[in-house]
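For Gly7, Pro8, Ala9, Ala10, Ala11, Gly12, Lys13, Gly14, Thr15, the entry in TrEMBL reads ATP binding site. The domain 'Cytidylate kinase' feature in TrEMBL is assigned to 3-194.
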Amino acid sequence: MIIAIDGPAAAGKGTLSRRIAEEYGFHHLDTGLTYRATAKALLDAGLPLDDETVAETIARKVDLSGLDRAVLSKHEIGEAASKIAVMPAVRRALVDAQRAFSLREPGTVLDGRDIGTVVCPDAPVKIYVTASAEVRAKRRYDEIVNAGGSADYAAIFEDVKRRDERDMGRSDSPLRPAEDAYLLDTSEMSIEAAFQTAKSFIDAGLSRNA
Ligand code: DC
């Protein structure tokens, strides 16, 4: 049983996916962390971010059991990750590892940008989670401020839009909803309401596949 969750940056996919995995007792993989871990390994080793062969070699060595969200969530790592995520050889390497993960029993939740379209096109439940760029930027801003940091809303908003352009505009596996994905716009929804809606989609998918 595979649940595929896609959507743009800061749409709330991570929180939602973790909650779903907990609810159903499934394994969860945030596939963005695999791109981030590859980027971090390149940065740490002082290797270039624009050499596809080097980046692929590093991508093949990424250990999915050692992905540390706290370390990998840094802004600079996200920027570097979005640069190497355009490289087809890097994507192939990471997609191989993600597909192997998706087969774990009793089931998995994978979240990212291309899960329903490329990584697991046969997943019985696909959800495309989105929210307006303004709402996503505001959520990220609140997150930083509530954690005691200082943030600039206008800069975050520009960053969200730039990420969207990069994710949706790349030629290999651009971000888009799979044709058979449920659309979940969380702009006007609480986390709880988004979770309950997602659960209704999943339960419908599970009973169809039972
Ligand atoms: O969701 P995130 O910010 O952790 O993702 C980091 C980068 O990796 C982002 O630029 C999009 C890219 N990514 C991707 O291309 N495909 C995925 N399945 C997941 C993330």
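Yeah, the Cβs are placed from backbone N, Cα and C, and that goes for glycine too.
The binding-site residues examined here are Ala9, Ala11; by Cβ neighbour count within 10 Å, the least packed of them is Ala9. All protein chains shown were included, and the count of other CB atoms within 10 Å of the CB of Thr15 (ATP binding site) stands at 15.
Ligand 1 lies under 6 Å from the Cβ of none of the binding-site residues Gly7, Ala11, Lys13, Thr15. Within 10 Å of the Cβ of Lys13 (ATP binding site) there are 27 other Cβ atoms, across all protein chains. Every protein chain considered, the tally of other Cβ atoms within 10 Å of the Cβ of Gly7 (ATP binding site) stands at 27.
Taking the mean position of the Cβ atoms of Gly7, Pro8, Ala9, Ala10, Ala11, Gly12, Lys13, Gly14, Thr15 as the ATP site, the remaining same-chain residues with a Cβ inside 8 Å of that point are Leu16, Asp111, Val129, Ala131, Arg136.
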